[in-house]
Amino acid sequence: MSMLCYTLIIAFLIGIWAAPKSEDNVPLGSPTTSDLSDTSCAQTHEGLKTSRNTDQRHLAPKKAEDQELGSAANIIVDPKLFQKRRFQSPRVLFSTQPPPLSRDEQSVEFLDNEDTLNRNIRTKRETHPVHNLGEHSVCDSISVWVTNKTKATDIKDNMVTVMVDINLNNEVYKQYFFETKCRNPNPVPSGCRGTDSRHWNSYCTTTQTFVKALTMEGNRASWRFIRIDTACVCVISRKTDNF
């Protein structure tokens, strides 16, 4: 009987000795579960860093390319900026297509540097009753849609940058200016047409007025009053040799 008890005790001890060791009994230098987790996290972090660096290397040329283009069409404008716009002028137009002809249907030229828009749009001057009576303009003027105005003088006599293209609601709009200027400072040899050259000196000159346009202020778009050509007038002065 005692022999059977000794046999059972020895078998029990052998079973305990052969059982798997717990994590607390792992020798120093053996990789525990926490060490494996840390190693796995570190490898994952390194993989993410490598992936990010690779993505940045692929994106860097594209960003540099965008900076080299420097297109004003990349400037995104908040639509709320147009809700705050006041003192609107019919001579300033934002459109995705070439602007319409002048309302009085006078000779209008549409000018642009791009090949797709490099064309002239002209309409014949509508016959007006006053022209049949022999009436003529004192000065000859020409009206032009300006599509590439980049610089202008503001109301404080400062040179400002005018936005040509803007990105509004994922659409590219151009800013057009309808300008009028003199065709010739001396339509007739004596100066302005119809003046008495015996008593008056005269010449035609282009005058300007202020319109509210979208300009760049630092890195932001803002409204400013700028000067544009709007009329052709006759300037006269009395000849002093008659006194």
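Placement of Cβ uses the backbone N, Cα and C atoms for every residue, glycine included.
Looking at 45-66, 177-198, the range annotated in Swiss-Prot as region 'Disordered' turns out to be 45-66. Working note on the disulfide-bonded residues Cys192, Cys234: by count of other C-beta atoms within 10 Å of each C-beta, Cys192 ranks first. The Cβ of Cys182 (disulfide bond) lies under 8 Å from the Cβ of Cys139, Asp140, Ser141, Ile142, Cys204, Thr205, Thr206, Cys232, each of these being in the same chain and 6 or more residues away along the sequence.
Reported as a whole number, the C-alpha separation between Asn148 (N-linked glycosylation site) and Cys234 (disulfide bond) equals 28 Å.
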